[in-house]
Amino acid sequence: MKHIRNFSIIAHIDHGKSTLSDRLIQECGGLTDREMAAQVLDSMDIERERGITIKAQSVTLDYLANDGETYQLNFIDTPGHVDFSYEVSRSLAACEGALLVVDAGQGVEAQTLANCYTALEMDMDVVPVLNKIDLPQADPDRVAEEIEDIVGIEATDAVRCSAKTGVGIKDVLEVIVAQIPPPEGDPEGPLQALIIDSWFDSYLGVVSLVRIKNGVLKKGDKFKVMSTGQNYNADRVGIFTPKQTDTTELKTGEVGFVIAGIKEIHGAPVGDTLTHSKHGAEKALAGFKKVKPQVYAGLFPISTDDYENFRDALNKLSLNDASLFFEPETSSALGFGFRIGFLGLLHMEIIQERLEREYNLELITTAPTVVYEIVQTNGETIYVDNPSDLPAINNIAEMREPIVETNILVPKEYLGNVITLCIEKRGVQTNLVYHGNQVALTYELPMAEVVMDFFDRLKSTSRGYASLEYNFIRFEPADMVRLDILINGDRVDALAMIIHKGLIRSKGLALVNKMKELIPRQMFDIAVQAAVGSQIIARSSIKAMRKDVTAKCYGGDVSRKKKLLNKQKEGKKRMKQVGNVEVPQEAFLAVLKLND
């Protein structure tokens, strides 16, 4: 056991986590040069296209150290993006240490801090590594100082390497062996294995990634899942080298997979504990804290026949992604679908893309909303994540919106732009600290503003240099109202949104004008209105297409023309009463992109 090292790689987006993992795999001969592909561990197509890591992946490597001993390194490549921070905390729970990778050119960024604090809170040893030293703008000494200054861990002797060229990779491996402690646990004790991750394979059923804390799990053992009490047979156990490799047993301290032919999707939930059916452990391991979704949106299949497939797809995805929450929803405009909870907008995009790609579904999304706390006049408190569930205005005593604490790191030349943006988003500044060239800003912002387009705007005002991470702190009373869009006097539930009172006029007008462009003209006039309660605040009409009914009369009596025109008038009137207006898919998405 003293030859096992379990560690995670944590870093900000684009500081070279996945490339460093590739080099470590290559150095230890996990894959031959022929099988080596860039970003081996980013196995999803979306991950490769966007160049980001979404799912944490694990690898087991054997490394012959300078002291002549062979060490087993189990490491987990983690995502850097703020929406996936729960993936990071899950990966860290399986490790004793973490490599903190910092780009020697960019220096410390917000996610570096956030992930590092997560690791330190879990009492882990954090080993700093300066990556990308081959770049002309690299300045390792300054960055080492920044790490000590901002993060507060010793970094003068930090390993310097370049994952791209392979310089210093050997040193990284030596540091891992020297500075990360071996796992603790009792190999003789009853089995306790923590499920770190699981996914659904259509041939094998549920595949679970586990970390053995105590005891041994052998192939063929009977084990039970502690939360459900169900018993299963371990058909296959093994490790990823990154290829799936079967072994005969998983020993204390190891990380590997278990396949037990579990067919029901929630048979082995993430964060659960496995133990032997006979003489098992008494109590379960501390799991992970459940992450609460921050943003909700409605997703509807374009053809109603896909509803069942959509439900299956969501079930399978939620196994792999513990933070996904969903419940059925119906909309008069869009039919049957689901209300889904996400961690942020990137998470929402990724899930939608995975549903469309991996399960061949065509989906419509409604505008995302956050969860509001509402105190009704009868004293009852309710939580609303869907604008159409909002009670009538006269039943609401107080409405509270979620506030997040946002930590932003930005080079000082862009400080002004970022502060202007935060003020525009109704932010309150709580802290500002200078660290050399970087400024650490802390703002309290309404979550609704952060999830809409704050991230993109922040990147564009700071030329991509600012970085951010946020967490929910409390609900705060706010003047929020529901803005409805009426088309020919009918409310379209999928277009409703909850916004701040101060923005009603501008948002209402913008939305109405956008709808005017997007809804195709009909044979009759269409009125598009924005309303709050019963008060109309903006209106625009889509003019009817004109059909020239008098074209066939030339000369002749004027009463003949009048008769035809009146007949047309009657027809239009009738049409207007029964006519349905098709609202195209783009109109629903327009709500999201109003500020462009």
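Each Cβ is built from the backbone N, Cα and C atoms, and glycine gets one as well.
Look at Swiss-Prot and you will find D14, H15, G16, K17, S18, T19, N131, K132, I133, D134 tagged as GTP binding site, backed by sequence analysis. Classification of D14 (GTP binding site) by DSSP places it in coil, neither helical nor stranded.
Among the features that Swiss-Prot reports, domain 'tr-type G' is placed at 2-184.
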Neighbour count (Cβ, 10 Å) for N131 (GTP binding site): 31
Span of the GTP site, taken as the largest CA to CA distance across D14, H15, G16, K17, S18, T19, N131, K132, I133, D134 (Å, rounded to a whole number): 17
